[in-house]
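Q: Got a structure here, written out as structure tokens. Questions coming.
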Amino acid sequence: MKEISGIKVKVESGSKYTTDHGFHAVKDGIRNKKENAVHVRKPDWLKVQKQDSKEYLKVKSITKKHKLSTVCEEARCPNINECWSHGTATIMLMGSVCTRACKFCSVDTGNPKGWLDKDEPMNAAESVKLMGLEYVVLTSVDRDDLEDGGAGHYAATITAIKNLDENIKVEALTPDFAGINENIDKIINTKVDVIAQNIETVERLTHPVRDPRAGYWQTLNFLKYVKQKSPNVLTKTSIMVGLGETDEEIYKTMDDARSVGIDIITLGQYMQPTKHHLSVERFVTPQQFEEYRKVGLEKGFLEVASGPMVRSSYRADRVFKRNNLDL
């Protein structure tokens, strides 16, 4: 269900609809097409228990009141109940419609034509304060329709949060801003604590998995630039497994990430959000995820969060505090 002009309307996955702001978007990001593969039963270790706790309902109420989107909802994150029940959430800036169409992602796609909520930076900051967060992750849709890709909006939000309480740790999980250094500088020049950008998959699968405007080395060079300009800012990336990659390719991706100074890496199982998206090629066992973590730490990452249900921002506060990462 989508809420349009205050009315809940059923929009089928893959269908086109008109947003409240007057531009068109595609529900779940991928147009209707034949199923990619026969449905594969999920193993028992991927089953999630629902937890509608008081904290979960509190976070949901605050984000709705302040007209904020969360990647937890828009990307159908399997950890939404756990994270929200612990009073944490990942706020998605600049709306819920992305200008790109990655084949694994269920976020709606379209062209927002420059629309931005100018009140969002302060609304986000006030929400963080009301939730009582010590650590917040800010992420966003890609906004190629904006001159700076939305970097200035990100910076304004980080600054608003830090102005309310400079002790709140802020992680910015950003788009690539087309790899333009002047845009990246807008984020670096705030008091941000962690800058993350997801490489998503191994180099061989980048084109079939990600939007053509994204790039394997574009992501790595983005994070390399961040580390060179601001060595004290932690850098982070994330890989999904189960898209057809090999373990050897995963380890090579780890090597490439370490070669540009990335500090933290997360690995989790890809799960097909709708029948129109890429199918799951394999389910990786919890034991193999433990092996990924062991290898990653041996390669020099300060922290490796690896598990079937791990996502890039999963309990990011906890990951940040491990191994003396707290700033």
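In case you wondered, yes, glycine gets a Cβ from its N, Cα and C as well.
Swiss-Prot feature annotations, pasted as is:
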{"type": "BINDING", "residues": "Cys72, Cys77, Cys83, Ser313", "note": "[4Fe-4S] cluster 1 binding site"}
{"type": "BINDING", "residues": "Cys98, Cys102, Cys105", "note": "[4Fe-4S] cluster 2 binding site"}
{"type": "DOMAIN", "residues": "83-302", "note": "domain 'Radical SAM core'"}
Q: Taking the domain 'Radical SAM core' (83-302) alone, what is its mean pLDDT?
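A: Result for the domain 'Radical SAM core' (83-302): average pLDDT 94.
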Q: Which chain neighbours of the [4Fe-4S] cluster 2 site, leaving out Cys98, Cys102, Cys105, have a Cβ atom within 8 Å of the mean position of the site's Cβ atoms?
A: Gly29, Arg100, Ala101, Phe104, Ser106, Val107, Thr109, Val141, Asp142, Asp211
Q: Between Cys98 ([4Fe-4S] cluster 2 binding site) and Ser313 ([4Fe-4S] cluster 1 binding site), find the distance joining the two CA atoms and give it rounded to the nearest Å.
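A: With the alpha carbons as reference points, the distance is 19 Å.
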Q: When you tally the Cβ atoms that lie within 10 Å of each candidate's Cβ, which of the binding-site residues (Cys98, Cys102, Cys105) has the highest tally?
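A: Result of the Cβ crowding comparison: Cys98.
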Q: Please report the Cα separation of Ser313 ([4Fe-4S] cluster 1 binding site) and Cys105 ([4Fe-4S] cluster 2 binding site) in Å, rounded to an integer.
A: 15
Q: Would you count the other C-beta atoms found within 10 angstroms of the C-beta of Ser313 ([4Fe-4S] cluster 1 binding site) for me?
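A: Its Cβ has 29 other Cβ atoms within 10 Å.
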